[in-house]
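Here's the structure, in structure tokens; my notes come after.
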Amino acid sequence: METGNRSCGTDFTLVGLFQDGHMDTFLFTLIAILFAVALMGNITLVVLIRLDRRLHTPMYFLLSQLSIIDMMYISTTVPKMAANFLSDTKAISFLGCVIQAFVFMTLGGSEALLLGFMSYDRYIAICRPLHYPVLMSRKICCSMVASAWSSSSVTASVHTVYVFQLPFCGSRMVNHFFCEVPSLLPLVCEDTSQYEHTVLVSGLVILLLPFLAILASYARVLVVVLQMGSGKGQSRALSTCSSHLTVASLFYVTTLSTYTQPHTLHSPGRDKVVAVLYSIITPVLNPFVYSLRNKEVIGALRRQMR
């Protein structure tokens, strides 16, 4: 094995969404618009929650944290992706690839756990409303956010350190539009099947368990809501929970399809389409799904506009 393949000074090359590059100008424009919309929507939601006292509740505190994560999440991949549309080299340094992979994995894990905590918040608010002030106190909410960030950071650190100390072969051409662990494994010169079991376990713990908790929480919420005598209460609860479940399903299903399969079963074209859904489309949709279907957020927006 050549020692040059293990050199940390060797750049990677990101293939991008399409290899031929005939749509680069169009894709640059489209991605730039989506990036601007995502930033605008999430910043607006964070500012509204900060300024309007009626939104100073555990639910909106967690939602503001989700918006902050989404802004960082999409900013990890899109700027480099857009720059590569206008570049002939499409290169990313070894250190840049390490940082991008670590930050992306940290933010993805944080979002996965935070969505689970948000479903717990809705479960307590609807199914155990008398205990809500105790079970969802400010201290507990902050602990939830801190645990999401810390656990995902530790997991990302372990995977990043391990993957980037492996020997990479050949041209180091990553068939993706950003540095992501599953897209880097085909470039490794040695057998990674044992490590892929670790990725699978991490995916099941950080992605599947919160998703199952969300489904269980909303199944219980649905039963309670259907037993309500108030039609207004039913519609409000269903609106809140359905919007959360829609965003959560899009995020979890796409990420699970990427992180729970061995790299031999991956299709680069499919992986890139799926990655667009959870790395770009989800941060764009989140603020609009929560705000357009939420009367409290719309009301706060109208009060601030006055």
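Just so it is clear, glycine is given a Cβ too, placed from its N, Cα and C backbone atoms.
Taken from TrEMBL, the feature domain 'G-protein coupled receptors family 1 profile' applies to 41-290. Under the heading transmembrane segment, TrEMBL lists 26-48, 60-79, 91-120, 140-164, 200-225, 237-253, 273-292.
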*Residues of the same chain, at least six outside the transmembrane segment (140-164), with any C-beta under 8 angstroms of its C-beta?*
58, 61-62, 65, 94, 97-98, 101-103, 105-110, 112-114, 117, 181, 184-185, 188, 195, 198-199, 202, 206
*Quick one: mean pLDDT on the domain 'G-protein coupled receptors family 1 profile' (41-290)?*
90
